[in-house]
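Novice: One structure, pasted below without further comment.
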Amino acid sequence: MGLEKSLILFSLLVLVLGWVQPSLGRESSADKFKRQHMDTEGSSKSSPTYCNQMMKRREMTTGSCKPVNTFVHEPLEDVQAICSQGQVTCKNGRNNCHKSSSTLHITDCRLKGSSKYPNCDYTTTDSQKHIIIACDGNPYVPVHFDASV
């Protein structure tokens, strides 16, 4: 009887650990957005190699070269506030995108045509544009960078 209870408890423990463990190291969509798109401290104005450095530092050149990425150089609170601004349709057809009401300081990184992994080489373009981001969750936070216009 004691062995049977122990076996049942052990089985339940294995089941629970198998369900919980895969989610432990998983990056949330909001955290991924921050890692891939937020750079409140920096700016590309002073460095033509900004994108090469940032894409590597933010782990977007691991296994392959991410072809395009945009960094936003504004406070996170300002970017999060876009989630309550003008709603627009996302490129994928969903209706959870929002367009910034004002232009923001951004840097576009584009993989150069001749660049091949593992030597990812990017062009760096600094600009002021409106951004379109997808927001989800409770609280409603940025989870995807859709476009700059």
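Positions of Cβ are set from backbone N, Cα and C atoms, glycine also.
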Novice: Could you pull the disulfide partner of Cys120 out of Cys51, Cys65, going by Swiss-Prot?
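Specialist: When Swiss-Prot is consulted, Cys120 turns out to be bridged to Cys65.
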Novice: When DSSP is mapped onto helix/strand/coil, what comes out for Cys109 (disulfide bond)?
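Specialist: The three-state answer is strand.
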Novice: What else in the chain is close to the compositional bias 'Basic and acidic residues' (30-42), if you only count residues 6 or more beyond its ends and a Cβ gap under 8 Å?
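Specialist: Contacts of the compositional bias 'Basic and acidic residues' (30-42) (Cβ under 8 Å, skipping residues fewer than 6 from its ends): 50, 54, 58-60, 69-76, 79, 107, 133, 137, 141-145.
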Novice: Go through Cys83, Cys90, Cys135, the listed disulfide-bonded residues, and name the one with the sparsest Cβ surroundings, counting other Cβ atoms within 10 Å.
Specialist: Cys90
Novice: Using DSSP, what is the helix/strand/coil residue split across the compositional bias 'Basic and acidic residues' (30-42)?
Specialist: 8 helix, 1 strand, 4 coil
Novice: In sequence order, which same-chain residues at least six apart have a C-beta under 8 angstroms from His37 (active site, proton acceptor)?
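Specialist: Spatial neighbours, sequence-distant, of His37 (active site, proton acceptor): Asn69, Thr70, Phe71, Val72, Pro142, Phe145.
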